[in-house]
Amino acid sequence: MPDLILASSSPYRRELLTRLRLPFESASPDIDESHRAGESAEELVRRLSASKAEALAGRYPQHLVIGSDQVAVLDGNILGKPHTPERAIQQLRDASGKSVTFLTGLALLNSASRRIQVACVPFTVHFRHLDESRIRRYVEAERPLDCAGSFKAEGLGVSLFRSTEGEDATSLVGLPLIRLVDMLLEEGVEIP
């Protein structure tokens, strides 16, 4: 089996990948993550996940390279990572009582054969009605500044949800393991 490389510096994605009990290394790809004019959210995450995997293919020529990218979509608009408490508070105000769809792009590149599999896995979160004090307490407690949509589903963020829907809850954290297992099986990787 070729060695696995996770093209990400995300601790959340690393933690998810450890669940498969496969040895892997993690490396940070250096790519332009800008949104292109006219590009849909799905096209964006598919392109970026593939670009992340391809960016590491030269350094890892006999490996399976996993790339992933995620955006949140609210009322047709892409929500990025907030980076500041003020933007996180605003994103959660905007999401209050609404549904946000998270699109997670996933790519698995066999760098030896150059075969690439790419997918987009949607997952929808239906938010509770959130008052200002609850939003502020949450942002202060969890500091979700590096998370699209301004919450951490693996932590207190789940308290903000009324319900969720989708095929793979791990996609919400940023690495859809069910789809990844499908891709790894296609490459002949045995799990478990």
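From the backbone N, Cα and C atoms, a Cβ is placed for every residue, glycine too.
Going by Swiss-Prot, these are the annotated features:
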- Asp69: active site, proton acceptor (ACT_SITE)
- Tyr12: site 'Important for substrate specificity' (SITE)
- Gln70: site 'Important for substrate specificity' (SITE)
- Glu154: site 'Important for substrate specificity' (SITE)
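Residues within less than 8 Å, Cβ to Cβ, of Asp69 (active site, proton acceptor) and separated from it by at least 6 positions along the same chain comprise Glu33, Leu44, Val45, Leu48, Ser49, Lys52, Thr104, Gly105. For the recorded site, Tyr12 (site 'Important for substrate specificity'), the DSSP three-state label reads helix.
Classification of Gln70 (site 'Important for substrate specificity') by DSSP places it within a strand. Note: the Cα of Glu154 (site 'Important for substrate specificity') and the Cα of Tyr12 (site 'Important for substrate specificity') are spaced 9 Å from each other. Here the C-alpha separation of Gln70 (site 'Important for substrate specificity') and Tyr12 (site 'Important for substrate specificity') works out to 12 Å.
In this structure, Glu154 (site 'Important for substrate specificity') belongs to neither helix nor strand by DSSP; it is coil.
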